[in-house]
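Everything below concerns the one structure shown next.
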Amino acid sequence: MLLRFTKMHGLGNDFMVLDLVSQHAHVQPKHVKLWGDRNTGIGFDQLLIVEAPSSPDVDFRYRIFNADGSEVEQCGNGARCFARFVQDKRLTVKKSIRVETKGGIIELNIRPDGQVTVDMGPPRLAPAEIPFQAEREALSYEIEVNGQRVELAAVSMGNPHGVLRVENVDSAPVHSLGPQLEVHPRFPKKANIGFLQVLDPHHARLRVWERGVGETQACGTGACAAAVAGIRQGWLQSPVQIDLPGGRLHIEWAGPGQPVMMTGPAVRVYEGQVRL
């Protein structure tokens, strides 16, 4: 059978989006890996699937698969594209929608200027909720990688993140340290690793090594986690502009127990069909 799909991106973080509300199919990890190959398939960072909700309290179910076939809890850039997709496909006429994900419920708001604001919910900071192996919650943790001590913050935005402060993201060891920290045993479910450069209290640069993907042009949940870590440490103040290789995100966080609000673009690239 042929499935209709849309290719989209949020700041260069690219997605294949499938509507499984009006289409019916069982997508397996082998299909995701086949389609995700940039040489022989469609090529993407993540596959986003739109499904009917399992509860009357939400509008849709939102599932996310990395290009390696693994299903993950959350994707902030994908959430913005999800909101734009369901509007463009007339799956809803609402400007504000509630969506269930593996990492919890999020709220998406489409603004008149085309930007999308995502209420990511409050960050999870307790080690057991991230998950991260530590005896107690702290602003930062020291872990060892190949005999080297690394200090990082641990934050969950529905998915686990480690955030390191660096002097300059251009020279940061993203491709050497990133994959080692991603699979560090203190992150039982692996982690996305952010390298944060603070420019001033309201402006920072960020590169992210994403779990199961590698470095991407942008990571929405990574930007949220970096802003939270920076605000908790006193390096940053809300609102924060986070510059990623693919562009800029606007992050707001009022403090513990409050939701993180992320605003940024969502762009449709092309429509296509793929054989299942």
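A Cβ is built for glycine as well, from the same backbone N, Cα and C atoms used for every other residue.
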- Message: Based on Swiss-Prot, name the residue from ASN146, ASN192 that is recorded for the same substrate site as ASN13, GLN46, ASN66, GLY76, ASN77, ASN159, GLU210, ARG211, GLY220, THR221.
- Response: ASN192
- Query: Looking at the binding-site residues ASN13, ASN66, ASN77, ARG211, THR221, which has the shortest Cα distance to TYR270 (site 'Important for dimerization')?
  - Reply: ASN13
- Query: Can you name the residues of this chain that are 6 or more positions from ASN13 (substrate binding site) yet have a C-beta less than 8 Å from its C-beta?
  - Reply: ASP45, GLN46, ASN77, GLY78, THR216, GLN217, ALA218, CYS219, GLY220, GLY246
- Message: Could you check which of the binding-site residues ASN66, ASN192, ARG211, THR221 is the closest Cα neighbour of CYS75 (active site, proton donor)?
- Response: THR221
